[in-house]
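Noted in TrEMBL for the protein shown:
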- 26, 47, 55, 358, 365, 366, 367: FAD binding site (BINDING)
- 142, 143, 144, 145, 186, 187, 198, 365: NADP(+) binding site (BINDING)
- 429-454: region 'Disordered' (REGION)
């Protein structure tokens, strides 16, 4: 049997060509570490959007500017002469794995989790619309994103206007009548996914009352004292919840509702099929918890509850999607790997193919978690280079983006360089200065690309 031929890399001669797919924190941290630990490397980063930074730009709440400071580290990477950013290029459509294998020694996939998880309820995909003028707002899910969204909805407009929230979002919030936000989870208070910082911020919202099932919380605290005392993050969360029970005054309110799983969205009655339907309520199963504390599962009791609302937000997490040429674990929503080295369907390591970030471990953790995860992948790459392990097939010399960019142009793809991105960013900053805010972000790719035509 003919064995597949893979190239090895000679560290004493030509530079090591590394392609990174995705320009979020995982991609940048991996690039940073490889460039630091193996100077004879050229990194080309491909991004589907014309704008870099992924969740740092699109997934951090506008009132958390300190979290976005990591962008400064990424800026330093981008200034490195060994680094090239190529935006507005979609892997799997504009660029194939075959293209990349011919011009790179290795590829890191770090394109994140771009698809939302579904609730799996019967009419989830029906065209029922939501109305922003509603006074009540239901958030399904009890993670940090749910709290971020709820906090923004209840934050004073004057305070929000000082952030980089987009103008169209600000206008929508100005015109909303939302005064009450209900955050709903299928399990109990000891199983929430949000962290102390985000919970404390919710409790500190001015003029905002907090409601919950206080008896349920008191019961959970009293019956699980030993377990809670040994879990510092959980103990801190419960202390904040206890203290929050004192927040009983204000013209706005938010609440945590536990032991509820959505069953169905209910729309307003509408006899005219040409008119859109709007959500009126959500029907929930009432649950009970079974099993040990560390692995409690929610089981329907048979009872139901209907909660009236004018707007529903699903915040139950994200999932990665499989792309051409990669094995994929549908259950875990990740590319199978060992410390970042991609495995095939038979659990064999794939030479020269690596993964980082949410695509590697699933959509969980904060930016610091992603940093350590990316560093692990980078260290495996550098170790493989130094040990002269097999990389991608084809023994010909690699040219990286010097060959790939002309190919993309021949295919009619308009690539965006980092210099182009800085032009877009300056336009955003300029618009922001006029409104006394950090920046006014473009909400559409078309608008950002138009900057490059002027």
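Placement of Cβ uses the backbone N, Cα and C atoms for every residue, glycine included.
Secondary structure at residue 198 (NADP(+) binding site), taken from DSSP and collapsed to helix, strand or coil, is helix.
In this structure, the CA atom of residue 143 (NADP(+) binding site) is 11 Å away from the CA atom of residue 365 (FAD binding site). Set side by side, the binding-site residues 26, 55, 145, 366, 367 differ in how many other CB atoms lie within 10 angstroms of their CB, and the most is found at 26.
According to DSSP, residue 47 (FAD binding site) is assigned to coil rather than to any helix or strand. When secondary structure is read from DSSP and collapsed to three states, residue 366 (FAD binding site) falls in the coil class. Among the binding-site residues listed here, namely 142, 144, 145, 186, 145 has its C-alpha nearest to that of residue 47 (FAD binding site). Nearest by CA distance to residue 186 (NADP(+) binding site), out of the binding-site residues 26, 55, 358, 365, 366, is 365. Neighbour list (residue 142 (NADP(+) binding site), Cβ cut-off 8 Å, at least 6 residues apart, same chain): 183, 184, 185, 192, 193, 194, 256. Here the C-alpha separation of residue 358 (FAD binding site) and residue 144 (NADP(+) binding site) works out to 16 Å. For residue 26 (FAD binding site), the nearest of the binding-site residues by C-alpha distance turns out to be 145; the candidates were 145, 187, 198.
If you compare Cα positions, residue 187 (NADP(+) binding site) sits closest to 366 out of the binding-site residues 55, 366, 367.
With respect to their backbone Cα atoms, residue 367 (FAD binding site) and residue 144 (NADP(+) binding site) stand 13 Å from each other.
Rounded to a whole value, the Cα-Cα separation of residue 55 (FAD binding site) and residue 144 (NADP(+) binding site) is 14 Å. Across the residues the record lists as binding NADP(+) (142, 143, 144, 145, 186, 187, 198, 365), the two Cα atoms farthest apart are 20 Å from each other.
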